[in-house]
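Taking it in order: structure first as structure tokens, then the write-up.
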């Protein structure tokens, strides 16, 4: 009985060590860890905070990153800008080294170009791989100008890092440019991906701006 128990413990230890040593995420070709185990920022599977915490840039199956449908939102969030220039880069996620390119670079052109791009690290909603491809409605709290964007990258400012064109669309009074950032509200919204592939989908607006 003791021998059998010892063998079982050894096998379990070997299994845990094997899982922890597996590569995942962008380092592992987009693979996720078995058994919903977390994938760390360095591409290894594990179950501690080093692997699972969003603040440690966990890539997938992270703590607090369950499914997030339309509706999750946050207010008074910092939004900076980044020069993705997707149109000039043929809407190629790999060309701009976007984090989400591991999973989304081969999506149809109509999917990649339907909305302007943003990096996301806001206080509400999924992080890492779980956020990739999701859409946000972003509103400038100062002017109420709003735009819909798609998450293609990570950031570290605690909010959003909008493509400069999207930033400028909602910076209607120029105050954001003057101070280097905007204060925005955001809400996860349905991307309407079921429309992709229909006739004229490539002619759809890249983004919509309005005043609420």
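Cβ atoms are placed via backbone N, Cα and C, with glycine included.
Here's what Swiss-Prot has on this protein:
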DISULFID  24-39  disulfide bond
DISULFID  33-45  disulfide bond
DISULFID  38-52  disulfide bond
DISULFID  58-62  disulfide bond
DISULFID  100-132  disulfide bond
DISULFID  121-155  disulfide bond
DISULFID  135-191  disulfide bond
DOMAIN    22-64  domain 'Chitin-binding type-1'
DOMAIN    72-193  domain 'Barwin'
SIGNAL    1-21  signal peptide
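Across the domain 'Barwin' (72-193), the DSSP tally of helix, strand and coil residues reads 26 helix, 43 strand, 53 coil. It is 39 that, of the disulfide-bonded residues 39, 135, has its Cβ surrounded by the most other Cβ atoms within 10 Å. Using a 10 Å radius centred on the Cβ of residue 58 (disulfide bond) and all shown protein chains, the other Cβ atoms total 26. Long-range C-beta contacts of residue 155 (disulfide bond), restricted to its own chain and to partners at least six residues apart, with a cutoff below 8 Å, comprise 80, 119, 120, 121, 161. Sequence-distant neighbours of residue 132 (disulfide bond) (same chain, 6+ residues apart, CB-CB distance under 8 A): 99, 100, 103, 104, 151, 152. Between the CA atoms of residue 58 (disulfide bond) and residue 135 (disulfide bond) there is a gap of 20 Å. Spacing of residue 191 (disulfide bond) relative to residue 62 (disulfide bond) is 23 Å (Cα to Cα, whole number). For residue 100 (disulfide bond), other Cβ atoms within 10 Å of its Cβ number 24. With respect to their backbone Cα atoms, residue 24 (disulfide bond) and residue 135 (disulfide bond) stand 24 Å from each other. In the three-state DSSP scheme, residue 38 (disulfide bond) is classed as strand. For residue 24 (disulfide bond), the count of additional Cβ atoms within 10 Å of its Cβ stands at 27 [all protein chains shown]. For the pair residue 135 (disulfide bond) and residue 33 (disulfide bond), the C-alpha distance works out to 25 angstrom. Counting other Cβ atoms within 10 Å of each Cβ, the lowest count among the disulfide-bonded residues 45, 121 belongs to 121.
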